[in-house]
Amino acid sequence: MIPVTIFYISISLIIVSLTFLFNFFGKRLVNNYWFWAIPSLLFLIYFIVFRFYGAWRDLNQFLQTNSIWLGNELNYEDSIIVSKALLLDMCPFVAIALPVSLILDKTRRIANAISPFAILGAGITIPFIAYSDPEAAISFKYFFVGGFLPIYFFMHLYLLTYGVMVFSNSRNRKWIHLLDCHIFAAIFFGYVCFVSFTTKTVWNVTGINANDWESSLGEYNMVSQIFNLPFPSVMVISFLLAYIFVVSIVSINIYWKKKHQKDFKVIKLKYLKNSKNLKSK
């Protein structure tokens, strides 16, 4: 497990570092709509083919013999089928929402609101790849296709890379963008709560159910063990830390962007003033 963990963490750090270098040298490209739209369309197709199509097919087969609307509480296997197909886990939801927003919204305002959550989800997941997926291995097949969990690493690498790219290339950051992040979070968790309640899905629902924390099969069971807290205390603490992380990085980014723009204006005014003085001489 340790070599696999070190390998995928290292790969992620290298790619993110290259992303920052590209941001520095490729300013013209990142301001072009097609730079975001075309790769996003390709990634969206890739995710649907290798992950979501299978999940939607499984749900369709399940619905042929079962009803999920306001019926009995679903067991683990059935909950996973519904959760995967209806995107009740944050990372798969963001993996669809981020490329779709980059295709449909030329201003990238929606993507800017989503990007901190992409960074958060990927940052939490990638270090535990080997513990979450029993078939995790150092191979091209696992890197691009995955194992027991389809494209598990590649999807999270996309979230981390594009999350950082969108976040660091946001234009005209204002404090209202912090409100955008809250709106996205409210929409996502409202959606998860509504669907999980109406379908009685009680596993893999982004931690809003005790099963995600207390059961050995829960997606956040390891987090629960680290904090050694019962539900719902562990959920409240974890969500609070995630909230602080998102608000902090967005606030720092807004402050830095505004200060950078102000400094740039001062330099520009000094340059224009000096140019006029030289011409007058």
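Quick reminder: no glycine exception, Cβ is built from N, Cα and C everywhere.
What TrEMBL records for 6-26 (among others) is transmembrane segment.
Sequence-remote contacts of a segment are chain residues at least 6 beyond its ends whose Cβ falls under 8 Å from one of its Cβ atoms, and for the transmembrane segment (33-53) they are 84-85, 92, 95-96, 98-100, 102-103, 106, 108, 111, 145-146, 150-151, 155, 158, 162, 166. The transmembrane segment annotation in TrEMBL covers 33-53 (among others).
Distant neighbours of the transmembrane segment (80-103): 36-37, 40-41, 43-44, 47, 51-52, 55-56, 58-59, 62, 68, 74, 110-111, 114-115, 117-118, 121-122, 125, 155-156, 158-159, 162-163, 166, 188, 192, 195-196, 199, 201, 203-206, 219; these residues of the same chain sit at least 6 beyond its ends, with a Cβ under 8 Å from one of its Cβ atoms. Sequence annotations record features per position, and here TrEMBL assigns transmembrane segment to 80-103 (among others).
For the transmembrane segment (110-130), the residues of the chain that approach it from at least six positions outside its boundaries are 1-2, 4-5, 8-9, 12, 36, 90-91, 94, 97-98, 101-102, 104, 136, 152-153, 156-157, 159-160, 162-164, 166-167, 170, 173, 177, 180-181, 183-185, 188, 222, 242, 245-246, 249-250, judged by C-beta separation under 8 angstroms. What TrEMBL lists as transmembrane segment is 110-130 (among others).
Residues or ranges marked as transmembrane segment by TrEMBL: 142-164 (among others).
Same-chain residues lying 6+ beyond the ends of the transmembrane segment (176-197) with a Cβ under 8 Å from its Cβ atoms: 82, 86, 88, 90, 93, 109-110, 112-114, 116-117, 170, 205-206, 208-209, 246-247, 250-251, 254. The transmembrane segment annotation in TrEMBL covers 176-197 (among others).
For the transmembrane segment (234-256), the list of distant contacts is 116-117, 119-120, 167-168, 170, 173-175, 177-178, 181, 185, 207-208, 213, 220, 223-224, 227: same-chain residues at least six beyond its ends, Cβ to Cβ under 8 Å. According to TrEMBL, the transmembrane segment annotation covers 234-256 (among others).
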